[in-house]
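Take a look at the structure below.
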Amino acid sequence: MEEDDNLKKGNERNKKKAIFSNDDFTGEDSLMEDHLELREKLSEDIDMIKTSLKNNLVCSTLNDNEILTLSNYMQFFVFKSGNLVIKQGEKGSYFFIINSGKFDVYVNDKKVKTMGKGSSFGEAALIHNTQRSATIIAETDGTLWGVQRSTFRATLKQLSNRNFNENRTFIDSVSVFDMLTEAQKNMITNACVIQNFKSGETIVKQGDYGDVLYILKEGKATVYINDEEIRVLEKGSYFGERALLYDEPRSATIIAKEPTACASICRKLLNIVLGNLQVVLFRNIMTEALQQSEIFKQFSGDQLNDLADTAIVRDYPANYNILHKDKVKSVKYIIVLEGKVELFLDDTSIGILSRGMSFGDQYVLNQKQPFKHTIKSLEVCKIALITETCLADCLGNNNIDASIDYNNKKSIIKKMYIFRYLTDKQCNLLIEAFRTTRYEEGDYIIQEGEVGSRFYIIKNGEVEIVKNKKRLRTLGKNDYFGERALLYDEPRTASVISKVNNVECWFVDKSVFLQIIQGPMLAHLEERIKMQDTKVEMDELETERIIGRGTFGTVKLVHHKPTKIRYALKCVSKRSIINLNQQNNIKLEREITAENDHPFIIRLVRTFKDSKYFYFLTELVTGGELYDAIRKLGLLSKSQAQFYLGSIILAIEYLHERNIVYRDLKPENILLDKQGYVKLIDFGCAKKVQGRAYTLVGTPHYMAPEVILGKGYGCTVDIWALGICLYEFICGPLPFGNDEEDQLEIFRDILTGQLTFPDYVTDTDSINLMKRLLCRLPQGRIGCSINGFKDIKDHPFFSNFNWDKLAGRLLDPPLVSKSETYAEDIDIKQIEEEDAEDDEEPLNDEDNWDIDF
């Protein structure tokens, strides 16, 4: 019964709409100007304000200093008996605390309660510009403390930025973090926890085992060793860094000399966010050293990571022969992780290597060459040794030249759309199928007008592209040509002629390619290339029907009259964009959508504009919404959930690699193509982020806690939304606020509600992944560590899942629509009538804001 009830709840939920917070001037702002009075806050005022703010949902995670800062921004308002304070249905922008008097609350013109001193109202207005759920009128003369949303959220942003920058400065000063990357240091900064100590309170005690690093942000602390005062630490000092690396007793006692605040980092949280610090530091050193090598810099990133993982790390005392020319057997390369070593050739010193330096390129390139050097430690040191076995395990063989050759081919073909999403197996088969051919100066490699069947990559030399006897350009090493011949039987559009002697090319024949690439992937590639090749103008499009409708306009099914190729045309009303102040968002949506190039993300063909609309011409996706699909399927099986969640992960991972946060992930924004594979659509909420974003945007039920709290967020918010989607797939309803329409109550449940699971959900791996995706602390959320999506892909939930086959379209989707399915089917005449009405009102447009559209 519980399963049926929850399935019913999930099926009955309405489609959820995104919200955009903005700080436009409202009627409420105008009203408050008439009641504002200047008044200095007394200590009892500040105490009351602080108490009220601490009980406020949005302020629940703020520390005392942040609460005090916000208190200082509260303004004083005076009302006479009968004065209106806020009105039900109007957009709100203030949060209030009653200082004196009584205020009546009305819902739908019915009085429901009276509030007095210390009570607060308008909490939702601090989050975004939602409509007021009640009217409040002064019953008696009274006064309020109030703060405007824009001031409140700007203050939160300022406090958050200041705190992050200050903590990051402290992190930069800790020597143990010197070898970390910028991204890794930012991860640690986000993991900092502020701890306050009273004067005389012990921070760490000599002899105790510790796992926390402390950095003094405020105050002073005294260091004692064996009860003897050694020194006083001040702001910026740090202690306990060895606790992050080693499990050993504290070497001193440290006591707060005055009220002291410390930024603290514990080993457990650091391991979650970054991994074992010592391992990370050594891996960074090894990777950087390998990238400096003339040999290893030609390896792929994955191969370098594998080498770092398989390298043997050893400690050596001072004055020790680490490698002797007469005794070395399998070691081919060394990297100094700590300390210094001296390098000898024929007993003559030829140099000193310190941390981060490496040696051995010649022995890697020619592994049969005897080791002629001796390496001796000058001090205690730690060395990474790369052996023949390490190289063989990493590369699959000991032939370095062949491996570099393979890497070159792979890096070239992965740049091309038709090869980019091949499975590893398909990619390997394709590369193995390449053959080598040579040409002399003046030889025709391909002839204009002939039907081609080969694809070429230039291994060495130069060729000329000639069309109608006119030289167009010259191609050189690692350039390619003729790829269309693998998909289409069509004449070559130009000739390719060898420019010099001994031009070497790798080539593969169409017959071989078609043996490797078959079925859904081949069909997908053919359609994608054909769509991109077609040149489309607005007047060449003819509308067939309306297939979607939203806040800003409609989506039409159109066809290109010359070629009959069908597309989707998203028509966005300029009036709606201007009225809702979304000019920057629509420009950003165009920029992001134009750059996207992934099989699980909607493909933009081009954009148009006229006096009334912006137009996005995209590929046509005919399989309906995932929202409807999961209702047809019922509660998803594990394999079905793996398919859909895995597909969404690949799309979101692609965006995050480009520093794009999507911010509105939900089944309504995912379509299914005719093969049953996903397409992520609608980038109206997406944003490119370098640091952190602060705007409240997205669909409330899918919003991460950090979006609501207003202290800054990044790509972690999409990981939270993955957890909401997975819960919906497996459990039925939404995990937070499923039965709520009041946005404040939805937000309250997201921030404080308990995550529970129906009794019929028994798979422990599924439950564990949902819990870890829906971790309220972003730094503890799976997928948000330095490993990124790898941690999610490696989770036991996906233990039997083939990611390679998913990317290669070799899996059977849970649902393939038997006919074309769209979100809407609206009569075209109805839309045309509305468009005609639109002409009657002039646009309040800004000059040239859309000039680049």
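Note: Cβ is positioned from N, Cα and C throughout, glycine not excepted.
Annotated features in Swiss-Prot:
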- LYS113, GLY122, GLU123, ALA125, ARG132, SER133: 3',5'-cyclic GMP 1 binding site (BINDING)
- 541-798: domain 'Protein kinase' (DOMAIN)
- 799-853: domain 'AGC-kinase C-terminal' (DOMAIN)
- 1-29: region 'Autoinhibitory segment' (REGION)
- 58-173: region 'cNMP-binding domain 1' (REGION)
- 176-275: region 'cNMP-binding domain 2' (REGION)
- 295-398: region 'cNMP-binding domain 3' (REGION)
- 418-517: region 'cNMP-binding domain 4' (REGION)
- 827-853: region 'Disordered' (REGION)
Most Cβ neighbours inside 10 Å, all chains, among the binding-site residues LYS113, ARG132: ARG132
Taken over the region 'cNMP-binding domain 3' (295-398), the model's mean pLDDT: 88
Per-state residue totals over the region 'cNMP-binding domain 3' (295-398) - DSSP helix, strand, coil: 26 helix, 41 strand, 37 coil
DSSP-assigned states of the region 'cNMP-binding domain 1' (58-173) in counts, ordered helix, strand, coil: 38 helix, 41 strand, 37 coil
Most Cβ neighbours inside 10 Å, all chains, among the binding-site residues GLY122, GLU123, ALA125, SER133: ALA125
